[in-house]
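What follows is a short report on a single structure.
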Amino acid sequence: MSAEPIRVLVTGAAGQIAYSLLYSIAKGDVFGKDQPIILILLDIPPMLPVLDGVVMELQDCALPLLKEVIPTDKVEVAFKDIDAAILVGSMPRKEGMERKDLLKANVAIFKTQGAALDKYAKKTVKVLVVGNPANTNCLIASKSAPSIPKENFSCLTRLDHNRACSQVAMRCGVSSDQVKNVIIWGNHSSTQYPDVHHAKVNLQGAETEAYQAIKDDAWLRGDFISTVQQRGAAVIKARKLSSAMSAAKAICDHMRDIWFGTKEGEFVSMGVYASGNSYNIPEDLIYSFPVQIKNSTWKVVDGLPVNDFSRAKMDATAAELVEERDTALDFLSQ
Ligand SMILES: NC(=O)c1ccc[n+]([C@@H]2O[C@H](COP(=O)([O-])OP(=O)(O)OC[C@H]3O[C@@H](n4cnc5c(N)ncnc54)[C@H](O)[C@@H]3O)[C@@H](O)[C@H]2O)c1
Ligand SMILES: *[C@@H]1O[C@H](CO)[C@@H](O)[C@H](O)[C@H]1NC(C)=O
Ligand SMILES: *[C@@H]1O[C@H](CO)[C@@H](O)[C@H](O)[C@H]1NC(C)=O
Ligand SMILES: CC(=O)N[C@H]1CO[C@H](CO)[C@@H](O)[C@@H]1O
């Protein structure tokens, strides 16, 4: 174990997603079982006492890969020389808060953090935005960090992807690793489009189109889509808290794929910068696409056939993002 430690930043580190996430990262699930890690934990000043508790627990895990833990409320400390940034913290919606005010507060946070990436991080840093509105926050961070390639920014739709995979697997009575190439298109919201037109299910050794394997088009075009779209709300209703364990797992899947690449012949869903895509998605958006990753470089899987049903849903979620982007860019320029 002679490799140099990498510096990994997690923001919102005193929150509930981080509580599941930090352990997985520190024990090697994301960057590899022989990659030493320095974890940097950023949260806001009132959360520093909580953060101290998290640091104590990480120490008490006695993990060999974890070389150092640095808790902080200062961006200049947090973003210094980092190799990876997982931006989980954002402004939550409070009782009676207008949508525009919420967006404005998040633009301010991701403008600051983007500028800090630009100034302090390694130029090769890989940035994953989780805090909502994830797509637009990611776009703002990227625009605020002009010296870092746009390709190095992505936002999390892997949770939605994993939910879709799992719904299909349960319906077919197979384990989730027997399902591949589901797609989440668009925004991480209830307008997202979970699409299984290109998904494959391994049924007793035979690779089968999901539509053939399930043989229930009404379910696939109805309840399947709404279940995935509404899953976050269903978890909140049941747990009185939002998805955290599954969100942390999805973050690990996403970042591990960026680090090590996707499996041959498979694609995953990620919110990435839409430019020159073959699906006529407006440019200058962070939109969730099917991607393949090799050698730390993602490529949108281009040229998949899109039927009218899919087209309408892909456009609807794009329209939502365009509107949100335009409002956010107004705030950014103020
Ligand atoms: N993209 C996705 O799939 C997905 C899934 C689940 C949750 N989320 C989002 O992830 C975010 C975090 O969820 P959670 O359940 O951990 O919330 P949480 O409220 O438990 O924790 C959020 C933490 O972020 C901190 N924070 C707020 N502003 C900050 C800032 N400017 N810098 C650093 N830290 C800051 C808070 O103090 C808090 O400790 C939320 O925005 C949630 O909506 C996204
Ligand atoms: C896009 O999705 C995010 C994350 O769920 C949500 O907060 C935001 O409101 C959505 N955008 C619009 C314009 O509805
Ligand atoms: C991998 O990417 C780096 C730059 O990011 C490049 O220099 C190198 O040639 C690439 N290797 C392969 C095998 O494509
Ligand atoms: C996905 C990703 O992070 N890509 C690139 C980030 O930037 C460096 C150059 O600064 C590239 O080498 C990575 O491939």
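Including glycine, each Cβ sits where the backbone N, Cα and C put it.
Since we're looking at a predicted model, the values are computed, not measured.
Here's what TrEMBL has on this protein:
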type	residues	note
DOMAIN	7-153	domain 'Lactate/malate dehydrogenase N-terminal'
BINDING	D43, N106, V130, G131, N132	NAD(+) binding site
BINDING	R93, R99, N132, R163	substrate binding site
DOMAIN	157-331	domain 'Lactate/malate dehydrogenase C-terminal'
ACT_SITE	H188	active site, proton acceptor
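On the structure: features taken from TrEMBL.
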| residue | record | Cβ within 10 Å |
| --- | --- | --- |
| D43 | NAD(+) binding site | 23 |
| R93 | substrate binding site | 12 |
| R99 | substrate binding site | 11 |
| N106 | NAD(+) binding site | 22 |
| V130 | NAD(+) binding site | 28 |
| G131 | NAD(+) binding site | 25 |
| N132 | NAD(+) binding site | 20 |
| R163 | substrate binding site | 22 |
| H188 | active site, proton acceptor | 28 |
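A Cβ distance below 6 Å to any atom of ligand 1 is met, among the recorded positions N132, R163, H188, by N132, H188.
Put simply, R93 is the one of the binding-site residues R93, R99, R163 whose Cα lies nearest to the Cα of N132 (NAD(+) binding site).
Secondary structure from DSSP puts H188 (active site, proton acceptor) in coil. Of all Cα pairs drawn from D43, N106, V130, G131, N132, which the record names as binding NAD(+), the longest spans 16 Å. Closest by Cα distance to V130 (NAD(+) binding site), from the recorded positions R93, R99, R163, H188, is H188. The 6 Å Cβ screen around ligand 2 retains N132, H188 from the recorded positions V130, G131, N132, H188, ordered by sequence position. D43 (NAD(+) binding site) and R93 (substrate binding site) have their C-alpha atoms 17 Å apart, to the nearest angstrom.
Of the recorded residues, R99 (substrate binding site) and N106 (NAD(+) binding site) place their C-alpha atoms 11 Å from one another. Mapped onto DSSP classes, the domain 'Lactate/malate dehydrogenase N-terminal' (7-153) shows 66 helix, 27 strand, 54 coil. Note: the Cα of R163 (substrate binding site) and the Cα of G131 (NAD(+) binding site) are spaced 18 Å from each other.
Counted over all residue pairs in R93, R99, N132, R163, the record's binders of substrate, the longest Cα to Cα distance measures 27 angstrom.
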